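Peer 1: Straight out of Swiss-Prot:
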- GLU137: active site, proton donor/acceptor (ACT_SITE)
- LYS111, SER112, THR113, TYR114, ALA115, ARG116, THR135, LEU136, GLU137, GLN156, TYR170, GLN180: dCTP binding site (BINDING)
Amino acid sequence: MTIKSDKWIKKMSQEHNMIEPFEAGQVKVINNQKIVSYGTSSYGYDVRCADEFKIFTNINSSIVDPKNFNDKNFVDFKGDVCIIPPNSFALARTVEKFKIPRDTLVVCLGKSTYARCGIIVNVTPLEPEWEGYVTLEFSNTTPLPAKIYANEGVAQMLFFQSDEECETSYADKGGKYQGQVGVTLPKC
């Protein structure tokens, strides 16, 4: 597997709608205001998060069970800035919709701007032929509230292309998160 360059990312996005909406360059300023950058980088694509969030709360004193997740553990929030409580987390989704080629695997890493503030981004790999908006998880590892800015860069996607197509893609196996639109909670 080889990591793909900005040239490949641009071609696949402009000719095959791999990323929509797509930004061919790096956006660092909007309306004369500095932002956390997003768009195409040398060997990746910096995604933005939308303004829809689910903030974790334990007001119900429940146990977190991935097989039987209680959606009442989240508070829905819509806005330009999400405040994550200390030692807690929030879910969001990307502004961008992805359509991953059959011979490609995508790995997500956090941006240094957030990592240096104790905010960790966690996303599982985007498998071959997966399509949809990516659900993002932000962990606030600090003892203080932390801000996440909507419509600004939050994570970088790295694209790895195999020398052969997989036998069974995410679409072939009917993956449970195929075509997700909003912030998607655990499914089992």
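Glycine residues also receive a Cβ, built from the backbone N, Cα and C atoms like all the rest.
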Peer 1: Within 10 Å of the Cβ of ALA115 (dCTP binding site), how many other Cβ atoms can you find? Include all protein chains, please.
Peer 2: 13
Peer 1: Residues with Cβ closer than 8 Å to the Cβ of TYR170 (dCTP binding site), same chain and 6+ apart in sequence?
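Peer 2: The list for TYR170 (dCTP binding site) reads ILE100, GLU127, PRO128, GLU129, TRP130, GLN178, given in order along the sequence.
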Peer 1: What are the sequence-distant neighbours of GLU137 (active site, proton donor/acceptor), meaning same chain, six or more residues apart, C-beta distance under 8 angstroms?
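Peer 2: Within the chain, GLU137 (active site, proton donor/acceptor) has Cβ neighbours under 8 Å at PHE89, ALA90, LEU91, VAL121, ASN122, VAL123.
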Peer 1: Near the Cβ of THR135 (dCTP binding site), how many other Cβ atoms are there if near means within 10 Å?
Peer 2: 19
Peer 1: Within its own chain, what residues at least 6 apart in sequence put their Cβ under 8 Å from the Cβ of LYS111 (dCTP binding site), listed in sequence order?
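Peer 2: The list for LYS111 (dCTP binding site) reads VAL36, ASP46, VAL121, GLY153, VAL154, ALA155, GLN156, given in order along the sequence.
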Peer 1: With DSSP assignments reduced to helix, strand and coil, which class does ALA115 (dCTP binding site) get?
Peer 2: helix
Peer 1: Please report the DSSP secondary structure of TYR170 (dCTP binding site), reduced to three states.
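Peer 2: The residue in question, TYR170 (dCTP binding site), is coil (DSSP, three-state).
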